[in-house]
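As written in Swiss-Prot, here are the features:
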MOTIF     13-23  motif ''HIGH' region'
BINDING   CYS144, CYS147, CYS157, CYS160  Zn(2+) binding site
MOTIF     330-334  motif ''KMSKS' region'
BINDING   LYS333  ATP binding site
Amino acid sequence: MTTKKMLVTCALPYANGSLHIGHMLEHIQADIWVRYQRMQGNCVYFICADDAHGTAIMLKSQQLNIAPEQMIAQIRQEHQRDCYKFGISYDNYYSTHSDETRELLHDIYSRLNTRGFIKSKFISQLYDSKKNMFLPDRFVKGICPKCKKDDQYGDNCAACGTIYTSLELINPKSVISGTSPIIRKSEHLFFDLPAFTDTLRTWIRSGSIQKEVANKVEEWFKLGLKKWDISRDAPYFGFKIPNSSEKYFYVWMDAPVGYMGTFKNLCKKNKNISFNDFWGSNSKTDLYHFIGKDIIYFHCLFWPAVLSGSQFRKPTNIFVHGHVTLNGSKISKSKGTCINVSTYLSCLNPDYLRYYYATKLSSHANDIDLNLSDFITRVNSDIINKILNLASRNSGFIHQYYNGHLSNTLTHPLIYNMFIESRHYIGKLFQKREFNYAMREIMKLADEANRYIDKHAPWHIAKKIDRRQEALSIYSMGIQLFRVLMIYLKPVLPKLANYSECFLNTRLTWGSLSAPLSNHRINKFKIIFSRIHPDQIASMTNKSQLHERLTDNNV
């Protein structure tokens, strides 16, 4: 099997607050896929970083009365810790506020400027005369000029997806002061996105993005691409534009370059990795971006055009997912439907949410509802009752009478062969990111394994001393089948997989599926994963609501 070299990224969390469980969907989705790729023997570098620039960060740090550099450093540490505790296997978690990103950004800007893709012109902008600052798109809200939906930001409508400028908003208001902004002129720099229309059409039609996402992008082509404003006026927290007085790069110019900067930093740590092998225009490696559907425009149009114009490679694929709702409602701090990652981790096992998201995730950009009642039922039924019960019910006898030694013979090889033959289909589902179908297939096998034990009832056979060897072979088969199931679940449940490797006294590898454990001793099974009780969920939601009230009062 040919080993592939891959670079996989997640969209960069914004460094102005804590991660919530909705944010974790993307990190979990990408991590499952990365872990599966590594099990197949592929060389994968998995990276992420905090998106650490912009007006929002500048204002938040002022509100907290600390330097923005201090604030983003603290938040990065928190984000990194949350991802680590959720088992997200990043090779590097960095920040866009870095020397590597700044140097690469300047290089890209210079290349684009030299090749004639940077234009300048005076533009009219909304200006908050109370705060003495130009208002970025995300600090203006008003009525969408197309669908007339109220409370929409100044760059695109969350309701209908229309892209527009803040000047097109109906009845705009400053998010900062609540006042109606005035219009002022300023000279800005623009990236000539329309010049890449044909290049982008070819790239998108090559299968680099999902079909439904490509259809959405085609709508933007029909409307005609517009030059992209890549500059912002002071005051601003970010990288200054070279040879430009009091002008800064717009956060969406340096944020995707943060992928490159983060990888460059990884190359400094590991001298065996070549930056150009992964980002050079003639790269033979694969580059994958996992993103949410709200940032399609930036990643599927602006970013590949910037890469093409600056003579770097374009992504192999961009995988788009939907949003997370909680009990059918949008995740919202003000409405008390926001559960921070740290709060979740104080109450529940991270593998449980990883599994639940896996049962919902597909290759499409559909929204996913985290229904907490269904969450309890699914975790208790599948992980506890089906998977862990299989290990628990079969290991006791083996230790009691045979000191943990498994039978050396497969009494019923047909069921074992059926289990390992499923690796081809389950592997294809993992590869295609159809995790929901993969979990369904794995749980079907778990049901078969438990039915096998129920059918042969080794506890009855074991009552007769002369038939204990026969009982051992049945119990041993239960352990063999548990091992196969845990190999399939290893990308999804890293914490449980680590425990299972200790219990089984062997590594869980895809390549070892065909060979059952022979002449092998297992360790005693210990209950470290327990059922979810409704009071744990109640405690988690209560803690979340209390945290939001305290945060609102203190900041």
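Cβ coordinates come from backbone N, Cα and C, glycine included.
Taking Cβ pairs closer than 8 Å, the motif ''HIGH' region' (13-23) reaches residues 48, 50-52, 54, 56-57, 60, 71-72, 75-76, 78-79, 82-83, 95, 323-324, 326, 331, 338-342, 344, 353, 370 in its own chain, all 6 or more past its ends. Counted over every protein chain shown, other Cβ atoms within 10 Å are most numerous around CYS144 among the binding-site residues CYS144, CYS147, CYS157, CYS160. Between LYS333 (ATP binding site) and CYS157 (Zn(2+) binding site), the C-alpha separation comes to 20 Å. Classification of the residue listed as 'ATP binding site' by DSSP places it in coil, neither helical nor stranded. Taking the mean position of the Cβ atoms of CYS144, CYS147, CYS157, CYS160 as the Zn(2+) site, the remaining residues of that chain whose Cβ falls within 8 Å of it are PRO145, LYS146, LYS148, LYS149, GLN152, ALA158, ALA159, GLY161, THR162. In this structure, CYS157 (Zn(2+) binding site) belongs to neither helix nor strand by DSSP; it is coil. Helix, strand and coil content of the motif ''HIGH' region' (13-23), in residues and according to DSSP, is 0 helix, 2 strand, 9 coil.
There are 16 other CB atoms within 10 A of the CB of LYS333 (ATP binding site), with all protein chains counted. CYS144 (Zn(2+) binding site) falls within neither a helix nor a strand when secondary structure is assigned with DSSP, and so counts as coil.
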